[in-house]
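Read through the structure below, which is laid out as structure tokens, and then see the notes.
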Amino acid sequence: MEQRGLGRLRLPGLLALLAALAALAAWSPRVSASRNLSLWPLPVTVRTTPRLLYLSPGNFFFGHSPTSKTGPSCAVLQEAFRRYYAYIFGTYKWHRGYNKIPSEMELQKLEVSVIMDPECDSFPSITSDESYNLLVQGPVATLTANRVWGVLRGLETFSQLIYQDSYGAFTANESNIVDSPRFPHRGILIDTSRHFLPVKTILKTLDAMAFNKFNVLHWHIVDDQSFPYQSITFPELSNKGSYSLSHVYTPNDVRTVIEYARFRGIRVLPEFDSPGHTASWGKGQKDILTPCYHASEPSGTFGPINPILNSTYSFLSKLFKEISTVFPDEFIHLGGDEVDFNCWESNPAVLNFMMNKGFDRNFKKLQSFYMQMVLDMISAMKKRSIIWQEVYDDEGKLIPGTVVQVWKMDNFYNELGNITAAGFPVIISAPWYLDTIHYGQDWRQYYSVEPLNFAGTPEQKQLVIGGEACIWGEYVDATNLTPRLWPRASAVGERLWSHQDVTDLEDAYRRLIRHRCRMVRRGIAAQPLFTGYCEHEGRM
Amino acid sequence: MEQRGLGRLRLPGLLALLAALGVLVVQAALGRRRAQTPRISASRNQNLWPLPVTVRTTPRLLYLSPGNFFFGHSPTSKAGPSCRMNNNGLKICFNFSHTGIMPIFFGFDKWPLGSDNVPRKMELQKLEVSVIMDPECDSFPSITSDESYNLLVQEPVAKLTANRVWGVLRGKFFVVSLLFSSKEIFTANESNIVDSPRFPHRGILIDTSRHFLPIKTILKTLDAMAFNKFNVLHWHIVDDQSFPYQSITFPELSNKGSYSLSHVYTPNDVRTVIEYARFRGIRVLPEFDSPGHTASWGKGQKDVLTPCYHSREPSGTFGPINPILNSTYSFLSKLFKEISTVFPDKFIHLGGDEVDFHCWKSNPAVLHFMRNKGFGKKFEKLQSFYMQKVLDMISAMKKTSIVWQEVFDDEGKLTPGTVVQVWKKRNFHMKLRKITAAGFPVIISAPWYLDLISYGEDWTGYYLVEPLNFAGTPEQKQLVIGGEACIWGEYVDATNLTPRLWPRASAVGERLWSHQDVTDLEDAYRRLIRHRCRMVGRGIAAQPLLPGYCEHEGRM
């Protein structure tokens, strides 16, 4: 059970052993479930029996197994127990002991057992173990995992197993599920620069991500249009660069997002895209952008970050130092995409600098020079960098281990082959630009993408650490984010979590309809897949 | 002042006279509006949507204090004294004037009375409403309702004059557009607006069969419609997928045909929608589409659908409504009788689109019937036969029918005055020419299928459509009574209706209200961005047009 792309062995733990013994199934997923089952994303193995168990809201508990390394002091789990109780039973008042369920048919408790150091107080990381084993039987079901992260994923699956029968009784089939993700990096990219997203919208998105077992919020926090990130070191960046003073993320907002995400096993990956896409940076930081020239005179407009000044790098070093502290994740996304060279070309000082450096007229070398400086900074801070594919394409000397994110749709499989052949880990976004909308069921095309469908050695395939569904913000804000993202992103969620062989569109359609209604019931305004209705859509 | 397409003169009223004499405006009266080009004389009018016929503003700013601003009836208004004769009427007229308007003006915050220090000379203290003719306080709006108004904003008392309450409603929502607020100071430029709509039928089609829309979503849509001066809710209430309309006469239709018993519109729900719409000057036009698009009807009504055959045996599946049985027509007659009572509007939409002939072709009894009638193999004739029966029914109920374009295409003998709705995008201008040449009034939807989404700023495509851009006589052009933006429900429900509909439908709203010459995209951009933010501020989750922000978007 090698951890993808990171060249490290995941601790096998007891769970792997258990799973190997317990799962009678071969590697391919098995579902022997009733039509009421609507698991999304589909676990690795699902065994169910026709035997039904009933739950009574007044007589059901989550708890820690006596042998578990966790207990009531593990806040991540205590919070999760409360959350999933509400997801399963709703927020109605239930009378204790009102239901009379024969005890042999009653499911009274889900007992959680964490086998290794639970990591209750840690942040999730790319190497976090999310595998779990769920045994649903009366009277006590057991959920076993190496770490809390697996428990979180297993609780979601457990909640999806329970449905209300036609008399309203909470029901689950006796079942055994062994599960772990196919890719360790499963992200949603949000863009808070083109449009500001209120914190509550981001938190709602994190809820929906957890329902779909996503584990990375890629926060494209600033861009040309606005700089909503309130920096402690450089407060003028957002004072001047945000849309307004009510369109900023204060340090407290950022902490709220990170903590809310942590409780759902979700990493927050900050992106501070440069040297392009930085127009808003110039408003609050003097001399950071390249002055453009027209006919030997400064034209009054500005281009990408000015790569020839020492002040630029000392500014960036302080800014990224702050970012590396504020965001606990091991990775920082540095952007590096779509740099427009026109302004650099117009600027005599830039041209002079390039002559001195021997770059000739090759502006890609200037960009590489810049990126190298920033990449080195990040390394020195003991963080790792993620960059958009242009940085790799321009053949800068990338530090080994730098992750390349592929976003261009044209020939993206070729690009994956090239990048992995060069030995770099890669994240796929190209086929999953969800801001590009179409009439009809476009989720099917997202679903049908096979990330590893490129020519390459098994080692190369291992370098694909995952993918991201991107909902860029040009035409998206809090008014339409949720219905535009869900359930279309759910298709990507299953592609990144479930086994490669899970490709049956009709089966996916049946499950996704129910999964979408489940999201609606939990307060996520996921849009419909096609004609029909949800039982509990009144809340929308 | 001829009313489009309906061959009747609108009463000119005193308003036209007033306007003609009127203060700053020398321009012609409302009647000759199509000869006028819109005038805007102030940059700050980038707030107005849809653009009125004439807007004159001066640079002079007036200040409003939420604690010292009132609405009232002018002493000469027909609305005040005449409504006093009738308590109920008074209430409604009062509500017409006031309901929901103050919060829309100033938001829901508590404002301290008299805490503002507004210079007396520059303060706007009151909007005085004057209705010149019988106000129609207790009536339902209709295709001939007069929506024109004259608005004079000056201190200390602004005046809104209209022939009927409908014009007051249009004008009232408009005053709000003139307001600017920043840092809790509300200002408006001194201005004079003379306004009336270009087309009398300006609709939004919603589809509650493919997905049920909760009442509160429909009411929200009516709010947004009022903000965009739409005046028709075309309610495509039933279709193949479900029958949510709860009929009093045939309760089994929704008992069996709805998605579930919580996915129905009770008579009370329907009344709520109609009354909420009336208060906003919006007509509710019900569509009961037949003979196709009726699969859900068959669940609760035996024998209403045609049984399909497969190799001489009934296949167990059903097709369109069965046009050969007397029982069909007696059922329809009772159903439409109910509908004509429940929905007060003069029009009923009968559908008639996309009828699939395969099932009729397979059915021996249908073939036999056609032979007897001498229809040969022409199933269009059978469809015409059916539609004619239903059209006659509606005529007998003193209502006017609207049909989708196929009914005209299939050359049924349409009752004169029947309105044809054009929905097929291909060559739709050609189709408009043909239908109007045949003398039928027409509603345009073809270019405005808003359920067909695409990346980017597709509203510009909707905006640039010119409805009258077809070869035809002025009389033909007069037969174009308006248009509708359609948001079909295959992929739309309460989760995404509002952001998908607004502000894209706003583009259609301006096209149908404002003067033909209002086509400047850059100007429309500027105004629509502000208008969209205004909608957001009023709780309508209208999606963004392009990168940017709204001051008051926190409520979303």
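Every residue gets a Cβ built from N, Cα and C, even glycine.
Annotated features in TrEMBL:
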- A:E338: active site, proton donor (ACT_SITE)
- A:C74-A:C120: disulfide bond (DISULFID)
- A:C292-A:C343: disulfide bond (DISULFID)
- A:C517-A:C534: disulfide bond (DISULFID)
- A:39-161: domain 'Beta-hexosaminidase eukaryotic type N-terminal' (DOMAIN)
- A:183-499: domain 'Glycoside hydrolase family 20 catalytic' (DOMAIN)
- A:1-33: signal peptide (SIGNAL)
### Summary
When pLDDT is averaged across the domain 'Beta-hexosaminidase eukaryotic type N-terminal' (A:39-161), the result is 92
### Query
Looking at Cβ-Cβ distances, which residues of the chain lie under 8 angstroms from A:C292 (disulfide bond) while being 6 or more apart from it?
A:P298, A:S299, A:T301, A:F302, A:G303, A:N342, A:C343, A:S346, A:N347
### Message
Just to verify a number: CA distance, A:E338 (active site, proton donor) to A:C534 (disulfide bond), in angstrom, no decimals.
### Response
43
### Task
Give the distance between the Cα atoms of A:C74 (disulfide bond) and A:C517 (disulfide bond), rounded to the nearest whole Å.
31
### Query
Which one of these disulfide-bonded residues has the most other Cβ atoms within 10 Å of its own Cβ: A:C74, A:C120?
A:C74
### Query
Roughly how many Å separate the Cα of A:C120 (disulfide bond) from that of A:C517 (disulfide bond), to the nearest whole number?
31
### Message
Would you identify which of the disulfide-bonded residues A:C343, A:C517, A:C534 has the most other C-beta atoms lying within 10 angstroms of its C-beta?
### Response
A:C534
### Message
At a 10 Å cut-off from the C-beta of A:E338 (active site, proton donor), count the other C-beta atoms across all protein chains.
### Response
12
